């Protein structure tokens, strides 16, 4: 006797669950795009005489501490505090130190790069992390990419090089000073920092996804392990500069606290994506956030977008379409 399984249409309850899941992922994606795209313009708003008035290292510590406290509160609310009664084995916790170090490096690079380029240039060039991340995904996690996806990554690389060449700060400073309003610009040192940032970012994302998915632990507990190292590593970095010109909370304003809240939320949302989804979603966020960044830079900073800026933007949009279709 041959039994034929029911192949009819899905039940209304199942369809409803699928739509709820899609809506939730859509909301999560939208929030991440908004937060990611607004980061650089918000940092630019805090600048006084071209310099950030706060200690960047202390800001990173506050972000990591916020994520740690939220993760701990989530673990308590979900009844998972029994996992904290006994010290976890070192072999389980040690892997979380690596992404903490990599993220600490990148968090400080994000703030440092703002002194060598405008927000939109940073946002466009940071799309190069799509290529570095996808390459590391293919090599380290065994994820195979289609030929059109590799072509899309090559197109992204060309877009970054095109924008870098057209906006390098090589013109006469007096002529630049005579122009009205802020312009797109990037120095050679800024370009180098972007390349380092993209490589470290890709490595951090790939390693973090591997760690989160390899251990069957509650996400809030894994976040606690990750952010304990984050607070410790960034705390040491911050307190090493306490004797410098700026104290720990000097120069903090409402905008700075908004940056801290946004980056803390973005980090927690990203852990959800890496645990239950794929790092490809992270790459998609990076691409789409460029539009938010350009819009905010225009409205908040009065950035004058030149026609040549549309070329790399169009190339990145086409690359994103080819990669994710």
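Every residue gets a Cβ built from N, Cα and C, even glycine.
Here's what TrEMBL has on this protein:
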TRANSMEM  23-45  transmembrane segment
TRANSMEM  65-84  transmembrane segment
TRANSMEM  96-116  transmembrane segment
TRANSMEM  186-212  transmembrane segment
TRANSMEM  224-243  transmembrane segment
TRANSMEM  255-274  transmembrane segment
TRANSMEM  283-301  transmembrane segment
TRANSMEM  307-324  transmembrane segment
Query = Taking 3+ C-beta pairs under 8 angstroms (sequence gap of 6 or more) as contact, is the transmembrane segment (283-301) in contact with the transmembrane segment (65-84)?
reply = no
Inquiry  = Counting Cβ pairs closer than 8 Å, which of 65-84, 186-212, 255-274 has the most of them with the transmembrane segment (23-45)?
reply    = 255-274
Remark   = In the same chain, residues at least 6 away from the ends of the transmembrane segment (65-84) whose Cβ sits under 8 Å of its Cβ atoms read 217-218, 220-221, 223-224, 227-228, 230-231, 260-261, 264, 267-268
